[in-house]
Amino acid sequence: MRMQNTKHHNNKIIYLIFGSILLGSFLLSFLVGSYDLSLNNLLHLLWEGTSGSYSGESSSAATIIFEVRMPRILAAMGIGAALSIAGTSYQSIFRNPMASPDLLGASAGAGFGAALGLLFNFNMMEIQLMAFIAGMAAVLITYLIGNFINSGSSTIALILTGIVVSTLFQAFISIIKYTADPDGKLPDIVFWLMGGLNNITYSDLDFFFIMFCIGAIPLFLLRWRLNALMFGSEEALALGVNATMLQLITIICATILTASSVAIAGIIGWVGLVIPHLARLLSGADNRIVLINSCILGAAFLLLADDAARSIVASEIPISIITSIIGAPFFILMLYSFRGRLS
Amino acid sequence: MNFTVTSGEVISLLGPNGVGKTTLLRTIMGFLKPLNGIVSLDDRNILSLPRKYIASRIGYVPQINQHSFSLSVEDVIILGRLSHLGIFAHPGYKDMQIAEETLKVLNIESLRHKIFNNLSGGEQQIVMIARALVQKPMFLIMDEPTSNLDFGNQIRILKIIKHLAKCGISVLFTTHLPDQAFLCEVKVILFYKNAEPEIGKAADVLTEHNLQRAYGAAIKVITQKNDDGSILKTCVPMMGE
């Protein structure tokens, strides 16, 4: 059938392009850094995997690839994908292109939870849990107050409430910083909050990827149904969707994704706002496609942002600085393109 | 008030603003709990039925409201298949075919790949009807399907409603134009601000006296003889003194 074929055909091309971009950034990211690697050498070592035994030159190259750069690359891809999926999902259920983990307060909330975990020397699992609980609390507060102020689904009320809730949780974070030991804990918390992938280990990743799957798989399976929520919960009900349940599942899953990212890499802003929007620009708003596209695009984006973070100047700059520099002007552009349609 | 909708019947809800027409529709859809009384579908209380079942029996055409995402028309109408598919399923070949047939019936095949938000009000209304029809419902509930539409589009929607009734689908719709009830020769429920609504044939219920009582303005019902000899009634509000 024509209707099906043309659409599937276009999507395949888009997936192919995005997939190539991701593969390209993946390989490129191994080559960025002070240790010089040739592409040939890299491909060879990646092909051999960790199983090969290396000597001399290739042994140190293998260490760089598998011990230093690989965890960081996997983390960048996972976090980029997680934040983008979260952003896409939040935007669909709040019917709001401006919703994102940052603007709804999820990031700040998760940041507070994780900072608290760091302060008390919790292990990774506990930190993840703290981040999730506080992130969830922040999103629910935003949602409830936003609804209370304006029971329709006004964009402005939700976003302004999100900003207020974010500020509140930022203040809680400041309290933690204030109480933290300035010689030990404080620098840890501060550097972690700025967002960075430099200290990520394989054991952090294990836990992150479990959380990633718990959050992402339901959203992937339910992604077509999210389209119905874009018309509001009454229309979704009329279409046969249990709207409240779907909203709740989506909020929980998206917040798990946000919280698990924040717990290992700090608050990395803008990704969850910019990437879903970019994906929609390229392939329309159908979540069957957008969720996959924003996942791939988000992974590639954060990889490249991290490459920039570790190569622009001699010492590393926090990755959230890079994403903000790209995200802020993008947000202004978005505001401009939605002018007159915000309330 | 008590009323039953049977197969192929068209009922038009008329009455002043704020009298609760939309509220009634939303109650029938089960969005709101009835203040008292019950809404039953297939002899069962609608609040006890799963949403999926209700959606496979009743299609809902809401008032058009803009949303912020650019879904294509085919993405919008295929959502009508949600009530027929499993929770993780995506629409397949059969669903696409139903969507395609519906586009053909409503004569909007050319809109298929257009972005819903960029359509005119009339086109958006027809797409919303298409989405409801893709649900393959027995009943169609429409909230002011002709408000904000020009004459041409109003007639287009009314023709669709008549056609659906002929196919055995019952339609319940709200409107601000009593003329439409005359045009379609439908059953009417006329709401008053502080009295029981009146139910009956358009010609019986929509008298000058009743309309004045409902809308609080003098309204003349003018009888017009068409070229083919048929009689058409139309309502004209008067300025009064």
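Backbone N, Cα and C define each Cβ position, glycine as well.
Taken straight from TrEMBL:
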| type | residues | note |
| --- | --- | --- |
| TRANSMEM | A:12-35 | transmembrane segment |
| TRANSMEM | A:73-91 | transmembrane segment |
| TRANSMEM | A:103-123 | transmembrane segment |
| TRANSMEM | A:129-149 | transmembrane segment |
| TRANSMEM | A:156-176 | transmembrane segment |
| TRANSMEM | A:207-224 | transmembrane segment |
| TRANSMEM | A:236-257 | transmembrane segment |
| TRANSMEM | A:263-282 | transmembrane segment |
| TRANSMEM | A:289-305 | transmembrane segment |
| TRANSMEM | A:317-338 | transmembrane segment |
Quiz item: Which stretch, A:12-35, A:73-91, A:129-149, A:236-257, A:289-305, tops the Cβ pairs under 8 Å count with the transmembrane segment (A:317-338)?
Solution: A:289-305
Quiz item: Sequence-remote contacts (6 or more beyond its ends) of the transmembrane segment (A:236-257), Cβ cut-off under 8 Å?
Solution: 82-83, 85-87, 89-90, 92-93, 101, 106, 110, 132, 135-136, 139-140, 143, 211-212, 214-216, 218-219, 222, 225-226, 228-229
Quiz prompt | the transmembrane segment (A:129-149) vs the transmembrane segment (A:207-224): 3 or more CB pairs under 8 Å | solution = no
Self-check item: Cβ contacts the transmembrane segment (A:207-224)/the transmembrane segment (A:289-305), at least three under 8 Å, sequence gap 6 or more
Solution: yes
Quiz item: Which residues, given as numbers and ranges, are at least 6 beyond the ends of the transmembrane segment (A:263-282) yet have a Cβ under 8 Å from it?
Solution: 14, 75, 79-80, 83-84, 86-88, 90-91, 97-98, 100-103, 107-108, 110-111, 114, 117, 124, 127-128, 130-131, 191-197, 200, 204-205, 207-208, 290, 293-294, 297-298, 301-302, 318-320, 323-324, 326-328, 330-331, 334
